[in-house]
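Everything below concerns the one structure shown next.
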Amino acid sequence: MSPRTASQDARIDRTATALGSRLRAETTGVLSAVGKLRIPEFVLFFGLIFEGSMFGLPIPFNQVVVVGIILLAIIRRPQVELGRLQLLVPLLVVGLFYIGMISMFADPSEFAFDWKRRLIRLALTAVLLMVLASGRIDFRSGLAGLGVGMLFNAFAFYGGFAPDNYGGYLSGFFEDKNVAGMAYAVFGVLMLAVVERRWARVLLVLLIGVLVWETGSRTSIAALAAGVGWIVLAPKLSVLGRWLLGIVIVIGVSQVAEDYSQIGVFSDREGSDLLRSRIDAASEVKVHDAGFFGSGLGEAYVVFDDDPGKVWLFHNSYWTALVEGGWPWLLIVLGVTVVFALRPFTRELSRQEIVAQAATVTTLICAWRLGEVLFTLQWALVIAIALYAHARARQTATPGGPSSAEVGAR
């Protein structure tokens, strides 16, 4: 054997040994992470994918799951001290009291939805937000369950035993392709907060990207791209730079929606886009008629004279807030979102806080075109993780606080 051949064999052996060691280390890390998952959180969050009614229940199954999560959280101790962030509690109480009073004294229109039922749902969302923000629920286990649930939804859909309500576009147990697109985009970005390894983050982004694409929701595709772009670029930017990045995202998404919404695989959307335009035009009229204080919960719908028996819900979540609670309600919801989750004036941000910002950006884009987004389950999870990440980062910076590894493990 020549010296050159021996040297090449030695290099191959060293490379194989290094790759084997790396593979064993990665496998050990993955198995260790799986072993630390909490089964109650995993199972409950898995159930959040079921938007429809099941087992004869009169309400969507995931609302029952939300109650289960809240009950589980009540018997757990908080893991972080929210401090001044607890000011969110009276703000939410005031907001819900306000919109409840508006709804109580408003005259409901002919096809208005039950405002009391909707108010209860909003109240549950607010309670869920606060118990999650305090760290009573293990986010890693919950998001893992949610991720497995979303994969299960896709397999069930293409296997033929989950609902297909949109001609082949991925909807499944979410029952609506836009709801599915929003869930995959928002939850997919959030999961990046608890995934440590770079290869796993890349794989997750690619997988979520494929699933969002399969929903056919153009807004969700743009929102996911904006969220991932924020995670990549925002850590390198100053506060001013993040502001400029946000402006670029707003302009970019608006431009794409206007100029490229019917090209390529979306070239057959002309009919649905015309219907959406009609709904938007009627919605805008209703926004103007609602006045400063709104018309009450359950009023965010339109009916056309040529089809009076068909009710169409708003596509714009900001308009929904304006019609139901007017400018006070919209400012409360947006104020909570921007101040507590987007945190536009904060200079130093942990990786988890950057991901929470990205998920907030994703949510705000979805709210523009995907109907009911603000003050929903998805919105609550984003705000809760943002609050938790900020409280954790503050504790980490405090002498004697937990290490960064402990922060990422929760």
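Cβ coordinates come from backbone N, Cα and C, glycine included.
Note that TrEMBL annotation is computational and uncurated.
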Where TrEMBL places transmembrane segment among the ranges 142-159, 250-267, 286-303: 142-159
When counting Cβ pairs under 8 Å to the transmembrane segment (42-75), the leader among 118-135, 142-159, 179-195: 142-159
Best-contacting stretch, by C-beta pairs under 8 Å, relative to the transmembrane segment (118-135) and drawn from 87-106, 142-159, 179-195, 326-342: 87-106
Which of 142-159, 179-195, 202-233, 326-342 contacts the transmembrane segment (87-106) most, counting Cβ pairs under 8 Å: 326-342
Among the ranges 142-159, 202-233, 326-342, the one whose Cβ pairs under 8 Å to the transmembrane segment (179-195) are most numerous: 202-233
